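For reference, the structure is listed below as C-alpha cells.
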Amino acid sequence: MTNFEVRQYDAAGRLGELTVPRAGVTVETPTILPVVNPHVQTVAPATLASEFGAEILITNSYILHGSDDLREPVLEQGLHDLLGFDGAIMTDSGSFQLAEYGDIDVTTEEILEFQHEIGSDIGTPVDIPTPPDVDRERATEELKTTQERLEHAATVDTGEMLVSAPVQGATYPDLRERAAADAVSTGLDVFPLGAVVPLMNEYRYADLADVVAACKRGLGEVGPVHLFGAGHPMMFAMAAALGCDLFDSAAYALYARDDRYLTVQGTELLDELSYFPCHCPVCTDHTPAELDAMDADAREELLARHNLHVTYGEIRTVKQAIRSGNLMELVDSRARGHPEMLDGYRALLDHSEQLERTDPVSKDAFFYTSTESARRPEVRRHQDRLERLPVEGEEVLLTEGSSSAQYDESWGVLPPFGPYPRELADTYPLTAETPDRTDRAAYEAAATGVRRLVELHPDVSFTLVHDDWPATALDRVPEGVRLRDLHARD
C-alpha cells in the first residue's frame, strides 16, 4: 500500500500516481484500463499505447489459464510479449465468470501463482461477486468467504506483483464499509469495488453512488480504488468525485460490435445518427452513413476507436477538472445527460460531509450552475465554519446589501452560503459566481446558514435584510430574527 501517491484532491477526486514495480512504470490516475480479450483483439494493445496513450490494461488470467491455444504460449512468452504491450498489465481472476456461470475450477492460490508466472503486474484473487439486492444472509456469508480468500492471498508469494483486494457486500452500505476496512487490513495493494456492473447496466447510479461512498468510508485514503466494470465515459466524473481512481471495461469493443456509439452524455445507435458530434479522427474522416455502409469488421474497428477516443478524452477532462478545482461543475454538467445520472449526482451530494474531508479549502472559483450546487461540500464547510467565527456586539445585521452603523456589527449574506464576516468577502468560496436569477435552493441553503449562526449565539439580536427571499427560505429563519426586504419602503 506504499505504491500510490495522491498529488491533488477535488471533492474526493484524486490526481495520483500508481507505481507498478514489476512493470517498471508509474501510472497517472484517474485512468481507464481497457479490457483486452486475449482471443479477440478489436484494437491491438500496441495501438492502445501508441494511439490512445494507454499506460495500463486488463485481461483475464482465467481465460488464459483454461485456454488450450494460449496457456502454453503465455507461459513461454510471458503476458507482455503475448499481448505486445510494454505498459502495466492487470489480470482478473475469473470472478466475472463465477458471477456469470456460477462456478470456476481454480483456487485463489492457483490463479495468483499463475498470474505471477505469466508476468502479470497486478494480480487478483478469486473473490465472490455478490450481486445487488440479495438477502443479507447470503451477502454476509459470501463476504466472509471473500475475506478469507483475501487473507490467504496476502500469504501467497507474488514477488513484485501487486495484488488487489476486491470489496464486496452487495447493496448493504454497512457490509460494504466493513468489507473495505477488512480489505485494507490485509495489506494488499489495489481495491476493486466488485459486483457493481448490474447497477450500471440498470442505470442505478444513485445506488452506485451509495455503494462507492460506503466503500470509501471503509477504505479511507490508503490506496487506489478500482471501480470494476465501469467503462462508460458518462459516469467517470461522478465516480472520480466519489474517490475512484481506476476504471475498466470492454464497453469500447462490445458497444462497437453492436453499432453503438459512445458519448459523454450516453450511447447512440449508429443508424440513428446523421452527424457525428465528435472531433476524433474517426468522426472527422467519416460520416455516419459511410461507416454504416462498411463491412462489419471495418465498422466495428472504427467504432471501437471512436469509443476509445471519447473514453480517454473524458479521462483527460476529469484530470484537468481535478487540477483546476472544478470537478463538481463537471459532474453537474454530465448529470444533465440522463435522468438516472442526475439521481446519481444527487445521491453523491447526500455524502457531501464525506466529500468535504478531502476537498481543498481554497480554489480558483465556485460556479453556481444548478439547484444541486446548493448542496456542495463548500456550502457545508462554510456553514460548519460559523461555529469558529466570533460575533461582536448585541445587535448584528445580516444583509445582502450595505453595512449599517446602526448595528454593532454587519455581516454579509450570500446565497447559497449564508452569512459571513465582511473581511472574508474576497476569500473562497465567497467569491462565487452566481446567477442574477438565484433559485429557491440557494436561498434556502442561505437561510439554513442564518439559522445555524443564530442558534450558535442565542444572546445576540439579529436582523436579516434579504433580497426578496421566497417564503420557503424565510420559514427556515428562526422566529426571533427581525426580517426586512432589501427593497421594501420603510
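Glycine too: its Cβ is placed from the backbone N, Cα and C atoms.
Quick caveat, the model's predicted, so the values are computed rather than measured.
Annotation note: D92 (active site, nucleophile) sits in a strand segment as assigned by DSSP. Residue environment of D92 (active site, nucleophile) contains 26 other Cβ atoms, counted within 10 Å of its Cβ in all protein chains. The feature active site, nucleophile is assigned by Swiss-Prot to D92.
Its Cβ placed at the centre, D127 (substrate binding site) has 30 other Cβ atoms within 10 Å. The substrate binding site annotation in Swiss-Prot covers D127, A195 and rests on sequence analysis.
For C278 (Zn(2+) binding site), the count of additional Cβ atoms within 10 Å of its Cβ stands at 17 [all protein chains shown]. Taken from Swiss-Prot, the feature Zn(2+) binding site covers C278, C280, C283, and the record attributes it to sequence analysis.
Excluding C278, C280, C283, which define the Zn(2+) site, the same chain contributes F276, P277, H279, P281, V282, T284, H306, H309, V310 within 8 Å (Cβ to the Cβ centroid), listed in sequence order.
Distance noted between the C-alpha atoms of D127 (substrate binding site) and D92 (active site, nucleophile) is 10 Å. It is 32 Å from the Cα atom of C280 (Zn(2+) binding site) to that of A195 (substrate binding site).
Annotation for the binding-site residues A195, C280, C283: lowest Cβ count within 10 Å of the residue's own Cβ, C280. For A195 (substrate binding site), the nearest of the recorded positions by C-alpha distance turns out to be D92; the candidates were D92, C278, C283.
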